[in-house]
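After the structure tokens below, expect a handful of questions from me.
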Amino acid sequence: MLLIPAIDLKDGQCVRLKQGDMDQATIFSEEPAAMARHWVDRGARRLHLVDLNGAFAGKPKNEDAIRAIIAEVGGEIPVQLGGGIRDLNTIERYLDDGLSYVIIGTAAVKNPGFLQDACTAFGGHIIVGLDAKDGKVATDGWSKLTGHEVADLARKFEDYGCESIIYTDIGRDGMLQGINIEATVRLARAVKIPVIASGGLSNLADIESLCEVEDEGIEGVICGRAIYSGDLDFAAAQTLADRLRESDDA
């Protein structure tokens with residue numbers, strides 16, 4: 001089970017939002033590259049970046065901070081990025097800069113042809129981010145709820161050739177209410193590609209619960225507010241996940 005620290009970027013700073021509200025941002029660091037180093041030094045094996053300004057603007061907005069993070073840790077672990085990725089040129093530029101994966105969210109739902117083209121052109125590097133509430137997909141930085149069932153879209157995007165799916169329960173994100181295990185497992189069972197859980201991770205009990213269902217196809221979990229607030233010790237959590245995996249394999 002990969003525990004993946006999230007670095008959310010707003011105006012060049014590392015922040016956390018409460019339920020996706022740009023007006024409810026807590027600044028955790030003015031040096032995102034140093035924050036990336038912090039998590040790698042504590043055992044992170046992948047990083048999850050979000051260009052928040054980009055997500056709302058529909059185009060890249062934190063490229064300097066993103067490049068600084070890649071320069072700091074990109075040679076050691078995979079780095080994935082979402083937010084504001086709406087065209088193939090942006091994907092190509094980011095991959096050339098050293099990103100391992102780009103995450104397509106709103107654009108995948110609104111323009112499936114773009115996702116299909118991206119998967120064809122950059123196979124193995126495209127992750128789809130599906131944000132949902134009560135099983136329905138949301139777009140545009142969570143501001144719009146669609147009528148699409150998350151499992152239906154996930155199967156469609158799997159057919160296009162995406163590498164994996166990040167599933168965020170937006171009713172829980174940034175609220176420390178616990179991962180929605182049931183909904184995440186339901187999605188993982190609907191597809192054959194890996195699912196990465198997101199939204200609401202709060203403590204070691206959540207890690208244990210996720211590890212119990214890892215074999216359903218859940219590859220990892222995005223770690224957000226809990227590792228910044230101190231509710232979850234990242235290094236201890238990754239160690240626990242590794243130990244549980246080893247005991248399962250034994």
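Including glycine, each Cβ sits where the backbone N, Cα and C put it.
So Swiss-Prot lists these for the protein:
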type	residues	note
ACT_SITE	Asp8	active site, proton acceptor
ACT_SITE	Asp131	active site, proton donor
For the residue listed as 'active site, proton donor' and Asp8 (active site, proton acceptor), what Cα-Cα distance in Å is obtained after rounding to a whole number?
16
For a quick check of packing: other C-beta atoms within 10 Å of the C-beta of the residue listed as 'active site, proton acceptor', how many?
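Its Cβ has 25 other Cβ atoms within 10 Å.
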How many other Cβ atoms sit within 10 Å of the Cβ of Asp131 (active site, proton donor)?
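A 10 Å sphere around the Cβ of Asp131 (active site, proton donor) contains 25 other Cβ atoms.
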Check Asp131 (active site, proton donor) against DSSP and tell me helix, strand or coil, would you?
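It is in a strand.
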Based on DSSP, name the secondary structure state of Asp8 (active site, proton acceptor): helix, strand or coil.
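The residue in question, Asp8 (active site, proton acceptor), is strand (DSSP, three-state).
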